[in-house]
Structures are given as structure tokens and as C-alpha cells.
Amino acid sequence: MRNDTSNTNVSPSRARHRRWVPPAAVAFTLAWVVLAVAVNRALPNREPVPPGDAVEVGGAVVTDLEGWTLDTAASDLAQQIVLDKGDQVLLISYHGFGREASGDDAWQGFEHLLSASTAREGGIALGDREPLQVEGAAQGEWSGLHVADRAGAAFVVTADDGLEAVEGTVLGPLQSSNTDIDAALAVVQSVELLSNMEVL
Amino acid sequence: MTNAVLAATPVTAVRRPPVRAASLGFWVFSAYLLFGAWTLWKDFGAIAGAFPAVTAVNLLFLVVTSTVGMWLARRVLRPVQAPPLAASWLAVGWGALAATGLALILNSLNQSTLSEAAGLQFAGRWGAALTAPIDEETVKLLGVVLLAAVSSRLVRSAADGLVYGALVGLGFQVAENLVYGFNQVAATGGVGSAGSAFDVLVIRVLGTGYGSHWAMTAVAGAGIGYFVGAAGRPRSRRLLVALGGLALAMAMHFQFDSPFLDGTVWESLLKPAVNLVVVMVAFVLVRRRFLARWREVCAEETVSGALRAGEAQVLSQRHARRRSLRRIPSPARSAVKRLQTAQLDLLENRVPDMEPPGAAEQLRAAIAERRAAIRWA
């Protein structure tokens, strides 16, 4: 006689539970995700930035945002904001390095990060770096950028002390005009790093 | 010294493994694990490949914290005996893969919904405190619920629920550390990310780790264990305890993530300490109840003959069992160990007081059979 010391004598109610709990768990999870998606989609996720308003992202303030719309679903004021205007999407992110970094270090780190985050889209192609005049920062640079079927620019703006930076991209269709990119870079030029302002 | 030899009588009692791949619960559980692993890979695979130093730091912390944490949880949080190793891994795996994967999806959706509904300022300040307790506590607890469906031997009491909850929470905690480590790459713009990830991980492990996810899910898990194990109590009461455990875990999580005391030294000292106190109170209550019932069952089984005088005391403590086995010569040691295992099975089955009456008879017969296999000289 095979004598199981453990599992053969489970009460009928517990055996029933073991049958219905797994499919119920799957149904519960699916229902929850579907509900979360539905509620998320039902709410407006775009908010025009009123003329004259500034948006603070991390330790930086972006001021010249007239005509841009803030993507509230994709933005997080602690780290990054996503804005769009027509078919241009502008991503501005704030980074604290935790140590002093040169403009080159900041650019290389950003390029590395951008390559990794776009790896599934085939990576990036960056043009030559050019200086970008930003009043509220020590150093600004930008270059042309291609990611899959989108084109635009990448930029890095570092603080005087080299401890923080504002970085980001503007991307639109391949046939985007220089005017579109210039409009986005004008926003970047309005960035003020709060640490620089405190020094002033 | 007592001398014992193994008799020629074959032992027919067979003990099934606690985790059985034949159950639907196991396959559903495994599907969730795969889904969670895929989600993590999708979100962090490219960053992990591009920043190998960060990945190495992350993996080092993951291995060390999960190994030490799992040893501590299994050794300290379950009276009498540790939960089965395979089931412990399943619990940690649920937390690290399934719960983390689901939480990444739900947190992202619900955070963005909160931003849309209440504005970015409010969401930035309160988003984590309002979304994570609901999303994360629920998906973590789902692991304990599913473990109870994998095998009826895993979650049989509040004590079981507490330890499996702690293991699920531990898995979640180490995977969340990994996520935070990789998020540091983005936060630092890819500059000096390994050092920065190291700093964050040290704070999360040594600074707040003692009162984080493991503590929250242990409390919620104890509620599920009570619901499953306290079969003699009214269903409404059991449900109330289970929901109460989940609500308490959510409250612990809320205070942990809330902006109260933000930026002060009290934030990292007080918040995890509150959670540690709550889980310790739950642990003491659960342990006391478990051991009281354990002693009752031991006394009854001593009368029934399944246990002999003095055996209850030996069986009730890990080191006493080990010490008693060490005194027995090796040829008979495995037979005595099998006897102890059968006795523990009987006692563990009877503690929740939910098995049909016939079950205990079969377990007692198995003990008698195993005892007969040992001839004492």
C-alpha cells in the first residue's frame, strides 16, 4: 500500500480552492490592467503651457514654452518633461551627476544612455557637436540626431560646477525643417539651472 | 549512548515533494514568473548590456541580499521548521519577477493617471505614496495566494503566510533595488553610474532595507495564512483578517512612501523602524498562536501514541532535532530522520485543524510504519 503522509487527504473545500484560485488570479490581473489602461486613456494627457509660465524639472527651470503642450502622462517633474508642438516631440531631462563632470563626460554619458534606450529602434546617429548659447548654464552643446524614422537634435547643457545638467532630444519626421528644430532649441536656451542662479 | 539499527522492514511511506509541478497553480505561477522576467528584460535589458559595471554592482547586491535575506527569513520567521526550500525560491521568484513585472506596468499606468487627474506637482509629491501601496502590495500578495494553490502543504497557517509573505517581499525588494540601480543610470545621465548605483543600493539595503517590502508583505501574508488555515472560524472573520492584513500592509507602505519627513534624517530612520515594529508585533502574535496550538497537538498526539514521551520537545526545535539525530549512529540516522519528518507532517497538518478526520489516521499509520522500521537495541 502506498501511504502518502502529506497530500492525499486534503479537504474537499481546499481542493476546490486550488482549482479556481489560479484562473481567478489571472482574471483579476487582466481585469485590473485593462481597467488601469481604460482610466488612463479616458483622461486628457495633454496640457497647453500658458504663455509666460515656467516649468521646473528637477533642479532646472524652463521658461520659454509658449505654444508647446505638456504631456502630463509621460512627464515627471523630478526628472523629465515631455512637450510637443505639431509633430515635434521635445524631451527635457534633468540629471545630477553626484560628482563633477566635464562637458565631454556629460555628452558621452548622454550619448551612451541614448544609444541604450533606443537600441530596439536600431540605435542613434549623431552629427557634429556645436555650441549652444544658454544664459542660465555654463556650457551648452547640440548636434543633429537620427533615431529610426525620426530626425531632430540632441542637446546637453551643463552647470557651472559640473555637478548637474539638462539634457534631451527633439524629434520629428525625417523632413522636419531647421525652423522646427530651432524652435525647440530656443526652449532649451531658456533653461536655467537653479544652482547657477543661486551662485548669481 | 542509544544504539539503533535499521531493520530489514521496507519503509513504504512515501512523502511527496511540497511543490508539485502537476498542479494548475504551479503552471499559472510559472507563467507569471516568465512574464515578469520578460518585462524586466524588456525594460532594462538594453541598459544592463550598455552599462556592464552598473549591472555587475546590481547583481552583486542582488545575490548577497537575496541569499542573506532568504536565510534569515527561513531561519527566524517560521517557528519549528523552515518552509521547504523549493517553495521558498518560488516565493522569492514571485516577488522578484512576477510582482516586480506587474508593478512596473501598473505603477506606470497609475502614476500617469494621477498626473493627468491631479496635475504633475501633486503626482510628483504624492504619486508614489498613493499608487505603490495599492499596486505593489496587491501583486505581491497574489503570490502568497497562488502559493496556497500550488500545494495545500505550503500555506496552512498565519505563520506560513507570514514567512512566505516575507520571502515574496524580499524578492520584490531585491528586484526593486535592481530597478533603482538601473534607474540611477538615467538619473545621472550615464556619468559615473556604477558609483552612484552603489551609493543608492547601500542606502536601500543598509539604510531602509530592514523595514521595507519584506515587512509589509509578511503582515499581509499572515492575513492570507489565517484565512486559509483558520478553517474552524467563520468565513467573514477570516476574510476580515485577510483584508485587514492587506490594509495594514498598504498603510505601512503608504507611510514609507509618503512625503512626510522628506529630506530629514528621520525619513530613513523612522519610516522603516515603524514597519519593523509592526511586523515584529505581527510575528510575535502569529508565533504565540502557532506554538500554543502546536503544544496542544503535541499533547494529543502523545496520547494517541504517534509521539513518545520527550519526542514533542525534540520535534519542536530545530537544534534539538539536529542534536538528537547527531546522537544516533549513521546507519539508523536516516530512518529516525524519516520518522521525525512523518511526525512533523502530522503535527503541521493538525495545527491548522482543517484536515478531514481520516487524514490524521493515515499520518499516524505512516509514523507507526516508520517507527517499526527502526529496531532499538
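Note: Cβ is positioned from N, Cα and C throughout, glycine not excepted.
These numbers come from a predicted model, not from an experiment.
Database features, via TrEMBL:
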TRANSMEM  B:21-41  transmembrane segment
TRANSMEM  B:47-73  transmembrane segment
TRANSMEM  B:85-106  transmembrane segment
TRANSMEM  B:214-232  transmembrane segment
TRANSMEM  B:239-256  transmembrane segment
TRANSMEM  B:268-286  transmembrane segment
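Against the transmembrane segment (B:268-286), stretch B:214-232 shows more Cβ pairs under 8 Å than any other of B:21-41, B:47-73, B:85-106, B:214-232, B:239-256. Long-range contacts of the transmembrane segment (B:47-73) within the same chain, counting only residues at least 6 positions beyond its ends with a Cβ under 8 Å from a Cβ of the stretch, are 88, 92, 96, 163, 166-167, 170-171, 173-175, 177-178, 181-182, 184-186, 190, 193-194, 197-198, 201, 205, 209, 214. With a threshold of 8 Å between CB atoms, the same-chain residues lying at least 6 positions outside the transmembrane segment (B:214-232) that come near it are 69, 73, 77, 95, 137, 140-141, 144-145, 148, 155-170, 172-173, 238-239, 241-246, 248-249, 252-253, 256, 272, 275-276, 278-279, 282-283, 286, 351-354.
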